[in-house]
Amino acid sequence: MEANFDGLVGPTHNYAGLAFGNVASARNADQASNPREAALQGLDKMQALAKLGLAQGVLPPQERPNLSALRALGYVGKEARVLEKVWHEAPGLLAAVSSASSMWTANAATVSPSADTADRKVHFTPANLCSNLHRSFEPETTSRVLRAVFEDATHFIHHAPLQSTPALGDEGAANHTRLCAEYGEAGLELFVYGQGSESEPAPENYPARQTRAACEAIARLHELDPARSLHLLQNPAVIDQGVFHNDVIAVGNREVLLYHQDAFHDVDALKRWLRTSWRGARAPVLIEVPREHVSVEDAIGSYLFNSQLVCTPDGRMHLVVAQECRENLKVWAEIERIVEAPDNPIVDALVFDLRQSMRNGGGPACLRLRVVLNEPERAAVNPMCWIDAAKLEALRDWVRTHYRDRLVLADLADPNLLDESRTALDLLTQILGLGSIYPFQR
Ligand SMILES: N=C(N)NCCC[C@H](NC(=O)CCC(=O)O)C(=O)O
């Protein structure tokens, strides 16, 4: 089965315009955010997918503002004074160390299921996220979180994040797609990168965050069969339009790959690879959305391809989309065409209001890390991290008690916000049985 581990939105969720090349982040910079609503919207999605019978887990937010990062950059003295000083001297730095960006767990790590790896274990490599300062603070705690949730070394292997340098930029599962006939059978792993060799085309306006070198290193570390993994160049022209991760322009699940006509530099290479490498009873299903139906701009505005494609226990496939898809007539018409077409297994579209996350360029697929698990592996996951009715109630109460309903950038300097966040996170580690994963707890 495939489990989804959604990131819980943190108490400092805000709009700081930090992610260059992510148009929603730039457009909504300096708006007031609502962390409480953001977290509750995320929980609603988790609840709905759990109700459908999917294995749904949750990953905690990180400690923000990140005081240890500020200390490492030379800020000394009382915490309240440090926050005030940074706010006056370097407000952009305060925003960077306060971002709740770990909520987008599609960027937490790349995960290869045991059916694909030579040692038959589930492999995790946390993403170094070195393209953006605010995200580069995540891997340390992410590593601790993943080890606390997937602890059992008989099933789970945790690699260190790759060296944090532009030549090895890695953004995790957002650029990684696994295709297979059945989850438990050996699959094909597709790695999509934006920065390859000098001779390959590259974007001109916006950064290519994912490097081919990182993809290749992860495939080696995860002991994948080279014949069953492909490294494919993203179309640099779409990166320049705001497709900062492949999951903004393509999504795959089981045998289905749904992608935009302009997603890849050489889509024929992908088709050839699928033809020659595919195994298993179900044939691959490619759903290519033509630019005449949906422009790249509409794809980015609606996040059509940042939908989740999930299978319920009856094997039926569902498209989990953001409300913005329904509000765009062309996109909604395309979704209706996909759902009605007899030659693909997608039976319906489930619509969610994720506006708080969407305003930072984070849709349904950004908010989850997929982990394919067999029964013994599923049983070995930290049981307190699964979503059920009781956990949801506890998390909703926790959010309502500890989260603010309005946050602007100046609030990040408020020492009370730091205290509130730490109190909340300390309780959360108990609710999720995680132990001391945060710097302030150690
Ligand atoms: N596509 C996937 N898988 N994830 C979406 C990540 C959105 C995130 N936004 C931000 O980091 C904005 C933060 C701000 O501007 O305050 C990013 O660009 O890295």
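Numbering starts at 1 and runs along the chain as displayed.
Cβ coordinates are placed from backbone N, Cα and C, and glycine is handled just like the others.
Here is what TrEMBL records for this protein:
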BINDING   16-25, Asn107, 134-135, Arg209, Asp247, Asn360  substrate binding site
ACT_SITE  Glu171  active site
ACT_SITE  His245  active site
ACT_SITE  Cys366  active site, nucleophile
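Taking the C-alpha atom of Arg135 (substrate binding site) as reference, the shortest distance to any of the active-site residues Glu171, His245, Cys366 belongs to Glu171. The CA atom of Ala16 (substrate binding site) is located 18 Å away from the CA atom of Cys366 (active site, nucleophile). Under 6 Å, Cβ to nearest atom of ligand 1: this is the test, and of the recorded positions Leu18, Phe20, Asn107, His245, Asp247 it is passed by Leu18, Asn107, His245, Asp247.
Calculated from their C-alpha atoms, the gap between Glu171 (active site) and Asn22 (substrate binding site) amounts to 14 Å. With respect to their backbone Cα atoms, Ala24 (substrate binding site) and His245 (active site) stand 13 Å from each other. Arg135 (substrate binding site): 22 other CB atoms within 10 A of its CB, across all protein chains. One residue stands out among the recorded positions Ala24, Cys366 for having the most other Cβ atoms within 10 Å of its Cβ: Cys366. Note on the binding-site residues Asn22, Asn107: the fewest other CB atoms within 10 A surround the CB of Asn22. Using a 10 angstroms CA-CA radius around the residue listed as 'active site, nucleophile', none of the binding-site residues in Leu18, Phe20, Asn22 qualify. In sequence order, Ala26, Asn132, Tyr206, Pro207 make up the list of same-chain residues 6 or more apart from Phe20 (substrate binding site) whose Cβ falls under 8 Å from its Cβ. Remark: His245 (active site) has Ala106, Asn107, Glu171, Ala174, Asn175, Arg209, Gln210, Cys366 as non-local neighbours, by Cβ distance under 8 Å and separation of at least 6 in sequence. All chains included, 29 other C-beta atoms sit within 10 angstroms of the C-beta of Glu171 (active site). For Leu18 (substrate binding site), the same-chain residues that are 6 or more apart in sequence and have a Cβ closer than 8 Å to its Cβ are Ser25, Gly92, Ala95, Ala96, Ser99, Ser101, Asn132, Leu133, His134.
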